[in-house]
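Novice: Relevant sequence annotations retrieved from TrEMBL are reproduced here:
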- 16-37: transmembrane segment (TRANSMEM)
- 33-272: domain 'Rhodopsin' (DOMAIN)
- 49-74: transmembrane segment (TRANSMEM)
- 94-115: transmembrane segment (TRANSMEM)
- 127-151: transmembrane segment (TRANSMEM)
- 171-196: transmembrane segment (TRANSMEM)
- 208-232: transmembrane segment (TRANSMEM)
Amino acid sequence: MIQAKGAANPSRVPQILAGTIIPTVLSSVFVAARLYTRGILNKTWGLDDTLVTAAWIFSIGSTSMICFQTNWGFGHHSIFQNPSDSRPFLLASYVDRILYSLTLCLTKMGLSVFYRRVFDDDRSRRIMNWTICFLVVSQIAILALTIFQCFPIQDSWSLRPEVIKAQCMPFYVSTYISLVCNVLADIVLVAFAVPRVPPLTMPRIQKIALLIVVSLGVIVIVAAIARCVSVIKLPLNDPLWCGTDTSTWSTVEMQTGLFCISAPCIRPLLRRMFPGLMS
C-alpha cells in the first residue's frame, strides 16, 4: 500500500473480514455437525455428503482469497494501491471467482442429491434428476466462462488495459449467465422442498424449524441478485473500495447455501445432545 502525502486513506478491511469470516465460521459449525452426524454417528455417508465436503473446502478457499486480497489494497481506495500489488490482487480475484463458482455448483448438486434421497417418490426423483442434469450443464458452462474469460488465461490478471479490452470477455456476461442459472436452480429447489415438508411425520416444532431452514434458500436468491447488482454497478475507477459489498454478498450466498444443506441432517446429533428438546 502507498499513501499520498497528506491524504487520508480510509479502510473497509474490517468490514470485509467480518463479512466473510463470520458467515464462513457459522456455516462451518453446521457443516462439521452434518459430517460428524452422517459419517460417525449414523455411519450413513452418501454422495451428497461428499459434495458438501468439497463445496465447504472450496468456500473456505474463496473466503481465504478474499482475505488475502486485503493485503494488496482491497478495502482501500484504488489510488492508494501499490503498483506491485496489482498483479497478485488480480490473480487472487481470479482464483476466488473460480472457487465461488465451484462452491455454488457443488452445494446445489449436493442439495439436489439430498432431496432425491429423502423424497423418493417417482415424481420427486424425476424432478431432481432433471434438476441435476440442468446443474451439470449450466455449471460446466459457467465454470468455463469463468476460467476462460480471457485468452490466454494469464491475461485475466494482466495489467495492460489494451490486452483486457481486446482479448477478454466483458465480466458482466459471465455474471449475468451465472445469475440466471443459479437463481433458476435455487427457485426450483425452494419450490420443490417447501410443499413437501408439511406432510412429513415429525413433531410440529421440528417441522416448523425444517420449513424455516429450507425457506432460507430465498436468502441465497436475494444474495445472488444483490451480488450481481454490486458487480454491474462497480465503478472502474475505484473497484478496490467499492467491491467490498460484492465480497460480502458472495460469501453470504455461499455460506447460506451450505447452512441450508447441512442443518436438516444434524437432527440425530441434536437428539443426542438435547434429548428433551428433540423428543
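Any Cβ shown, glycine's included, is placed from N, Cα and C.
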Novice: Take the transmembrane segment (171-196) and find every residue of the same chain, 6 or more past its ends, with a Cβ under 8 Å from one of its Cβ atoms.
Specialist: 101, 104, 108, 111-112, 115, 119, 124, 127-128, 131, 134-135, 138-139, 141-142, 145-146, 149, 211, 214-215, 217-218, 220-221, 224-225, 227-228, 231-232
Novice: Before we move on, state whether the transmembrane segment (127-151) and the transmembrane segment (94-115) share at least 3 Cβ pairs under 8 Å, counting only pairs 6 or more apart in sequence.
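Specialist: In this chain the transmembrane segment (127-151) contacts the transmembrane segment (94-115) - 3 or more Cβ pairs sit under 8 Å.
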Novice: Looking only at the domain 'Rhodopsin' (33-272), what is the mean pLDDT?
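Specialist: Mean pLDDT, the domain 'Rhodopsin' (33-272): 90.
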